[in-house]
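Okay, here's the structure, questions in a sec.
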Amino acid sequence: MAVAEKSAAAASAHKDEGAAEAAPVERRPTVIADDLHIVYRVNGGGRGRGSATAALSRILRRKAPAGMREVHAVKGVSFTAYRGEAIGLIGSNGSGKSTLLRAIAGLLPAERGRVYTDGQPSLLGVNAALMNDLTGERNVILGGLAMGMSRAQILERYQDIVDFSGINDKGDFISLPMRTYSSGMAARLRFSIAAAKDHDVLMIDEALATGDKKFQRRSEARIRELRQEAGTVFLVSHNNKSIRDTCDRVLWLESGELRMDGPTEEVMKAYEEFTRK
Amino acid sequence: MSDTTHGGAIATSEPPRSPDDGLSPAELAAKYGLTVSGARPSLTEYVRQLWARRHFILAFSRAKLHAQYSQAKLGQVWQVLTPLLNAAVYYFIFGLLLGGRGGMENDEYIPFLVTGVFVFTFTQTSVMSGVRSISGNLGLVRALHFPRASLPVSFSLQQLQQLLFSMIVLVVILVGLGHYPGPLWLLVVPALLLQFLFNTGLAMIMARLGSKTPDLAQLMPFVLRTWMYASGVMFPLAYMLEKANAPGWLAGVLEANPAAVYMELMRYALIDGPHHQSLDGYVWLLAAGWALVIGIGGFVYFWKAEERYGRG
């Protein structure tokens, strides 16, 4: 272990204890983005799924010199994140925050540039793996497996997940198909499954804490727990308060470019100035 | 410290007094053992990761299979009913209306037809779900980490389970028409395994092509239908080709095509009739050859684009 970087520890410590505990003697980088560019390629129009009208309209549309459109979502972002940091990502809608998260997680291929990571960063979220036609019970198992948990781990945490979601508070709903759930119940179950796994580098996209007040409090507490276990946390949010509460460093993205990178208060002030215009 | 270089608006979070200051991002990454996120693993590592996800692959395929009919009143009964109705339709058209049975009696033609339909459907649905396995699951691909080959493998596995349900129907039909189980029936196991390997490889090839060109989902039904008629699903190939005065090489090509090969194996194993008494040894060789070439080739082909599947 090398010399202690007091300033680094201090920077992460002034917000909350969790980060302070994790702040190491040496500043170990966990995520390095090096001139990262992400480009989406979009086929004009929606994707027909075999229905006759969709197929026909595709053929008709093909006559026009249509084709691929490119959306340059992230333009040359570079930063280094260190162990123990909680980093907020802010910016207006469509500024590339979620795209950047996905690129860090290695889920979206980079057009140019690179992201280096320590371990496997993971997005908190499991929605895409769940199936509405299956029972809540089977979805817990499927979701857990999709996140890379072993069968044994899932069985061990199964009861916790169900209890945390509160799905069974009003009767045995976990054995009903998920399509029968109210949207709040489904969101609670999804969060509970997603939050059951520990992560090295954890990335949280906004609006995760859904459901009623009681569940919101419970899920915020769970996010704090996850943060303490994780090495580095990224949080995307439009809620300035939750950024101030949880982050000690903020990256401000605007139309795909990194506009500012610094301590929370400094960046938030500039950002609030900007949004007031 | 901050590595940003955009304008003067950037604030550095801490005083830059670290020994790492002079390092480029790549050097810094190397120093602390960071790896490129989303990079393609080596082939052996990829196989290992895929094996580690076997429970997910199986659970996902079973979930898909189950979800298919979960809204229907009869529920999972449709797993058996669908192939049965399929076979009935083909019997009505090709057995009764068109009469392309090449001199087979009903008790031989019906199993011939049903086996053909089920075996071909197995490959056909694997290809179709393979085309959509990446392009239709982008949400999953962009949200979670797993070897992407899990998807086409899982969809092929779903089709294999679907086929096993169809086999129940087939066995009932076979026994009902006087074809009783014998030691030859055991050949079904290696035949199905080889076909599964072939299907999975083909599904992976189609998955990679379909991820780049989703239009394939529209085109494939026509290709597959042509393939079906060219493989002798509803009529004996040799008989039809003779009737059409087709050149010998064409007959050779069509009979060596994988769909025809796997159907021939299954029919030989299951059907006890004058037209299914013998099987040339080279058919097994062809079956194994197709399975290995397409199975392994498809896997490698799919793996080569592993890091690019998230892009829409």
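Keep in mind that glycine also has a Cβ here, set from the backbone N, Cα and C atoms.
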Under TrEMBL, the annotation transmembrane segment belongs to which of these stretches: B:40-62, B:109-131?
B:109-131
So which of B:109-131, B:186-210, B:222-241 is most in touch with the transmembrane segment (B:163-180), counting Cβ pairs under 8 Å?
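By the under-8 Å Cβ criterion, the transmembrane segment (B:163-180) pairs most with B:109-131.
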Between the stretches B:109-131, B:222-241, B:282-303, which wins on the count of C-beta pairs under 8 angstroms to the transmembrane segment (B:186-210)?
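The stretch I would name here is B:282-303.
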